[in-house]
Amino acid sequence: MSTNSPNQPSPPPGPVGIEGERFLRYLSLERGRSANTLIAYRKDLESYGDFLQAQGVTELSLISREHVAEFARGLTGSPRSVQRRLSSIRSFHRYLMEVGHTQSNPAAEVKGPQQPERLPKALSVHRVTTLLEGVSGDDALSLRDRAVLEVLYGTGARVSEVVNLAVDDVTGIDGVTPEVIRVIGKGDKERIVPLGSKAREALEAYLVRSRPFLARKARRSSAALFLGARGAGLSRQSVWLILRARAEAAGITEPLSPHTLRHSCATHLIAGGADIRVVQELLGHQSVQTTQIYTRVTIDSLRDVYYSSHPRATG
């Protein structure tokens, strides 16, 4: 008879079983993974457990590289989706090694399908300016929206990082004017990011003339920097809706996301001559290789300008 409560999911099937459940608990408690990430990992482990069970594998120690490769070949979906699921299995086997349950990682050398390189889409400086300067008005929500968008573009921060900012994460030399923000990124790594003049002005206006008004609407006080209409901290979805509404009002029709502003920030920094290592630090990239993709965007942009402008570039 199962000891699981009605609201508690059963452990993954087959040999994954209880060790899979412990792995999920480890991801939650020690690695701080989000609820959505844990749901994805659980689904991956369940399908992996079903596969191993069908193959007659009864012990984790009996899983071979061939088993993992066969599982990978049976995965469907986009190359990115397959790679993500295979990454879950690699992480699970790496965990088993770390806790001493197995001696090797049979998934370590199994490669998924090649993903086509996708260059990040960035707005032109003109389009960004149109978007940001289109947020006019002195009402509380307009001041907040302008500050949110200026911080997203001005710092290149991820939307999750921006909505997790607290008032205390904004500091200034004089204790009043915002100068830098303290960002907690992936893996709980902290970085300090300077604020440009436009972001400083927008943030100061929000803190002085908007946030106190929004905070008074809350049932209980919130330490969040950016507040919604009812005084609670903004959610990621709220930022998406803000961006969508403000872009539409500015006449920008191409699909936008908060990450578009992050891509635009990085691309414009590289195009302006910023050192790639500095951009890496500002964006919170673990590897400089992730940042280097923005040099490709800049080179492609220069090539387009060259071929459309130089008299001897074509023909």
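Don't overthink the numbers, they just go from 1 along the chain as shown.
Quick reminder: no glycine exception, Cβ is built from N, Cα and C everywhere.
Just so you know, TrEMBL annotations never went through curation; they're auto-generated.
What you are looking at is a predicted structure, and each value in this text was computed from that prediction instead of being measured.
Listed in TrEMBL for this protein:
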DOMAIN    14-97  domain 'Core-binding (CB)'
DOMAIN    118-307  domain 'Tyr recombinase'
ACT_SITE  Arg158  active site
ACT_SITE  Lys186  active site
ACT_SITE  His259  active site
ACT_SITE  Arg262  active site
ACT_SITE  His285  active site
ACT_SITE  Tyr294  active site, O-(3'-phospho-DNA)-tyrosine intermediate
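Sequence features, as recorded in TrEMBL, placed on the structure.
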residue: Arg158; record: active site; DSSP class: coil
residue: Lys186; record: active site; DSSP class: helix
residue: His259; record: active site; DSSP class: helix
residue: His285; record: active site; DSSP class: coil
residue: Tyr294; record: active site, O-(3'-phospho-DNA)-tyrosine intermediate; DSSP class: helix
Query = Relative to the Cα of Arg262 (active site), which of the active-site residues Arg158, Lys186, His285, Tyr294 has the closest Cα?
reply = Arg158
Request  = Could you check which of these active-site residues, His259, His285, Tyr294, sit within 10 Å of Lys186 (active site), going Cα to Cα?
outcome  = His285
Message = Give me the long-range Cβ neighbours of His285 (active site): same chain, 6+ apart, Cβ under 8 Å, in sequence order.
response = Thr291
Key: His259 (active site) and Arg158 (active site), distance between Cα atoms, whole Å   = 7
Task = Summarise the model's confidence over the domain 'Core-binding (CB)' (14-97) as a mean pLDDT value.
result = 92
Residues of the domain 'Core-binding (CB)' (14-97) by DSSP state, where helix covers H, G and I = 67 helix, 0 strand, 17 coil
Note = Students should find that the Cα atoms of His259 (active site) and Tyr294 (active site, O-(3'-phospho-DNA)-tyrosine intermediate) sit apart, in Å rounded to an integer, by 14
